[in-house]
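Novice: Here's a structure for you.
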Amino acid sequence: MTNIILLGPPGAGKGTQARRLVEERGLVQLSTGDMLREAKDSGTEMGKIVADVMARGDLVTDEIVIGLIEEKLDGEKVGGFIFDGFPRTLAQADALGALLARKGETLDAVIEMRVDDAALVDRISGRFTCGACGEVYHDTTKPTKIEGTCDECGSTDLKRRADDNAESLRQRLMEYYKKTSPLIGYYYHAGNLATVDGLAAIDDVAKSVAAVLDR
Ligand code: AMP
């Protein structure tokens with residue numbers, strides 16, 4: 001079983017690379033952001049609690065996201081997980097370690113996707129996704145071939161995230177630097193950190209990620 005964490009600020013390309021790994025290696029993507037957005041869209045009690053927090057760009061409580069991950073890990077047996085957007089705090093990292101250990105699983109790689117802030121603002125402000133299949137696009141760097149239609153599945157349900165605006169992004173980046181970036185040191189010392197250049201073209205980032213997994 002291969003379990004990996006994709007670590008990096010919002011807009012680093014974690015979701016894009018996770019989707020490729022799902023396709024190419026049959027791993028299961030666990031995105032706490034996607035899970036929380038689903039809860040919000042379906043109007044569950046938890047969804048109502050997290051909606052404002054997410055819109056501001058703050059982090060949801062450790063308790064909620066750890067609970068979401070725990071539920072998924074207790075599900076059916078799969079070839080491995082890609083943790084995308086989790087863990088985001090040291091407490092979450094400790095909890096993940098304990099959950100994996102309890103299941104007799106290991107964490108095989110933590111891949112830090114490094115990008116600079118100027119690129120993040122640009123990437124996030126142009127980003128949109130397909131509501132049906134989840135494909136990620138960008139106004140200038142990866143537009144759809146036919147305007148308003150997903151290249152992958154033909155859906156016209158293309159969406160922009162409510163928190164992909166300048167103000168929320170500023171807060172999301174602050175949260176990243178204050179609470180998530182310490183995980184780089186944490187995993188470096190645990191011995192499983194690898195860093196890839198997240199500013200490279202999507203295919204080149206995918207090659208660097210593959211090189212880490214196949215080393
Ligand atoms: P993402 O899709 O990963 O950018 O996450 C969107 C938003 O969901 C974040 O800005 C947080 O408000 C919340 N969120 C997602 N994952 C986590 C997490 N691991 N811990 C706390 N909050 C999270």
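Placement of Cβ uses the backbone N, Cα and C atoms for every residue, glycine included.
Pulled from TrEMBL, these are the listed features:
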BINDING   Gly11, Ala12, Gly13, Lys14, Gly15, Thr16, Arg127, Val136, Tyr137, Ala200  ATP binding site
REGION    31-60  region 'NMP'
BINDING   Thr32, Arg37, Asp58, Leu59, Val60, Gly85, Phe86, Pro87, Arg88, Gln92, Arg161, Arg172  AMP binding site
DOMAIN    127-163  domain 'Adenylate kinase active site lid'
BINDING   Cys130, Cys133, Cys150, Cys153  Zn(2+) binding site
Novice: Under 8 Å Cβ-Cβ from Gly13 (ATP binding site), six or more apart in the same chain: what's there?
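Specialist: Correct list: Met113, Val115, Arg123, Gly198, Ile202, Val205.
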Novice: Using only C-alpha positions, which one of Thr32, Asp58, Arg88, Arg161 is spatially nearest Gly11 (ATP binding site)? These are the binding-site residues in the record.
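Specialist: Comparing Cα positions, the closest of these binding-site residues turns out to be Arg161.
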Novice: Which residues, sitting 6 or more apart from Val60 (AMP binding site) on the same chain, put a CB under 8 Å from its CB?
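Specialist: Residues satisfying the criterion: Thr32, Leu36, Val50, Val53, Met54.
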Novice: Under a three-state reading of DSSP, tell me whether Cys130 (Zn(2+) binding site) is helix, strand or coil.
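Specialist: Where Cys130 (Zn(2+) binding site) sits, the three-state DSSP reduction gives strand.
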Novice: For the binding-site residues Thr32, Val60, Phe86, Arg88, Arg127, Cys130, which sit with their CB under 6 angstroms from an atom of ligand 1?
Specialist: Thr32, Val60, Phe86, Arg88
Novice: Enter the number of other CB atoms within 10 angstroms of the CB of Arg161 (AMP binding site).
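Specialist: Taking all protein chains shown, Arg161 (AMP binding site) has 16 Cβ neighbours within 10 Å.
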Novice: So what sits near Arg88 (AMP binding site) in its own chain, CB-to-CB under 8 Å and at least six residues off in sequence?
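Specialist: Set apart from Arg88 (AMP binding site) by at least 6 residues yet with Cβ under 8 Å, we have Thr32, Leu59, Val65, Glu175, Tyr176, Lys179, Thr180, Leu183.
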Novice: Given the Zn(2+) site residues Cys130, Cys133, Cys150, Cys153, which other residues of that chain have a Cβ within 8 Å of the mean position of their Cβ atoms, reported in sequence order?
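Specialist: In sequence order, the nearby non-listed residues are Gly131, Ala132, Gly134, Glu135, Asp151, Glu152, Gly154, Ser155, Asp157.
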Novice: Which numbers of helix, strand and coil residues does DSSP report for the region 'NMP' (31-60)?
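Specialist: With helix first, then strand, then coil, the region 'NMP' (31-60) has 22 helix, 1 strand, 7 coil.
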Novice: Between Cys130 (Zn(2+) binding site) and Tyr137 (ATP binding site), how many Å separate their Cα atoms?
Specialist: 8
Novice: Could you list the residues of the same chain, at least six apart in sequence, whose Cβ is under 8 A from the Cβ of Gly15 (ATP binding site)?
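Specialist: Spatial neighbours, sequence-distant, of Gly15 (ATP binding site): Ser31, Gly33, Asp84, Gly85, Val136.
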